[in-house]
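K.L.:
The following block contains the structure, expressed as structure tokens.
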Amino acid sequence: MGRVRKSDFGSIVLVLCCVLNSLLCNGGITSRYVRKLEATVDMPLDSDVFRVPCGYNAPQQVHITQGDVEGKAVIVSWVTQEAKGSNKVIYWKENSTKKHKAHGKTNTYKFYNYTSGFIHHCPIRNLEYDTKYYYVLGVGQTERKFWFFTPPEIGPDVPYTFGLIGDLGQSYDSNITLTHYENNPTKGQAVLFVGDISYADTYPDHDNRRWDSWGRFAERSTAYQPWIWTTGNHELDFAPEIGENRPFKPFTHRYRTPYRSSGSTEPFWYSIKRGPAYIIVLASYSAYGKYTPQYQWLEEEFPKVNRTETPWLIVLMHSPWYNSYDYHYMEGETMRVMYEAWFVKYKVDVVFAGHVHAYERSERVSNIAYNVVNGICTPVKDQSAPVYITIGDGGNIEGLATKMTEPQPKYSAFREASFGHAIFSIKNRTHAHYGWHRNHDGYAVEGDRMWFYNRFWHPVDDSPSCNS
């Protein structure tokens, strides 16, 4: 055989690159990354991350969320364990000596043989945009001080960054995930949480002490930046065998959402605006069929979105519609059939889901051509459709989903069974950068990434496999 000339070698390389690029754009990527995992078990209740704050009846499990549609209010929530104590929040702007007071409401609940502490929820309204606020809870020796930033004023070219976490739980891997996110120099200004919080329901009798331990574990983040809550199957806590017949009982007592502000009738589906984004939260485990409250609300909600004001349209849900893992395969199908045509019509930019304990990103696809007789039931590329991202890889006790359907479907652009978190950084009305971070990588490493082009302002092809 003769020697290969340099020109021939260059041509071969070019051809191989073109072939590889073609394969990636049509078949997607299944990562073969080898994971180093801690034990997939929950941390014991005496772990440092669950430590109760010092002092009698000190406020604990502090968390905040957005308190209205526009982003000028927050809801501060906390628990006092021994007694009701004060339901007051003192707050003030940075570099200001003028302090304000807000008073909240307190509730308790019982779940089988568990009785909760005193759960406080206090709305703080009429805040200024783009401002740092300090706030204090408790009295005397048990006062605890925290802070948060309000979002910038709503507008199309305001930069804003979201963190993304799902299915977190309270295992050793959960701790790695939250620590990795908290220490990420590019971490979000708010967290979009796609459901499955404490996994208390995996314990006998849904041991609600695990709701308390999770609240203390996550406080290092939830007390300082708003977490936007989505409900998952592990928030249902429906246990008629022990006399607990009310779904979502612990969640609805412990966590608040601004659902009334957006015209919703339940706290499980609602919408908010934050900077340049319009965020719609849907409930995979509440009724969503035609004529249900959630269906009617969403039908009226999409036309309200003003893309000249909030160009980025983001949807959160728990159960993914496009999932190529064996776990929970096709579970989101009935909801997809009900709502997907609206997602395409209104040009949703991205959908974030959890439930599957792994990571996956889709191409822009839709599957709305099917009817009972035409047999057209295969997803197709659709530049008016959203990218679907499954980020249920927070690290919970149930472990990773490692079994995938083979061959990899064409709608799947990238998938990997690893724990991690993601960052969605909106730059302006046309561009946003997305990156997924494995737990065991350095912060500069993005295990997956994509530049998003806004579907309303810049609807050019941003096929993930070809542009990541």
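A Cβ is built for glycine as well, from the same backbone N, Cα and C atoms used for every other residue.
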K.L.:
Out of N184, N208, N233, which does Swiss-Prot tie to the same substrate site as H355, V356, H357?
P.N.:
N233
K.L.:
In Swiss-Prot, D196, Y199, H357 are given as binding Fe cation, so which of D167, D173, D382 is in that site too?
P.N.:
D167
K.L.:
Besides D196, N233, H355, which of H121, H318, H421, H431 does Swiss-Prot list for that Zn(2+) site?
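P.N.:
That Zn(2+) site, as Swiss-Prot gives it, pairs D196, N233, H355 with H318.
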K.L.:
Tally every other Cβ atom lying within 10 Å of the Cβ atom of H328 (active site, proton donor).
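P.N.:
Its Cβ has 19 other Cβ atoms within 10 Å.
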K.L.:
Given that the record lists N233, H355, V356, H357 as binding substrate, what is the largest C-alpha to C-alpha distance among them, in Å?
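P.N.:
Those residues reach a largest Cα separation of 13 Å.
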K.L.:
Based on Cα coordinates, which of the following recorded positions are within 10 Å of H355 (substrate binding site): N95, N113, N175, Y199, N306?
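P.N.:
Close recorded positions: none.
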K.L.:
Same-chain residues six or more away whose CB lies under 8 A from the CB of N175 (N-linked glycosylation site)?
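P.N.:
Looking at Cβ-Cβ distances below 8 Å from N175 (N-linked glycosylation site), excluding near sequence neighbours, one finds M43, V49, F217, G395.
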K.L.:
Show, in sequence order, which residues other than D167, D196, Y199, H357 on the same chain lie with their Cβ within 8 Å of the centre of the Cβ atoms of the Fe cation site.
P.N.:
G166, L168, G169, G195, G232, H234, G354, H355, G392, G394, N396, I397, E398
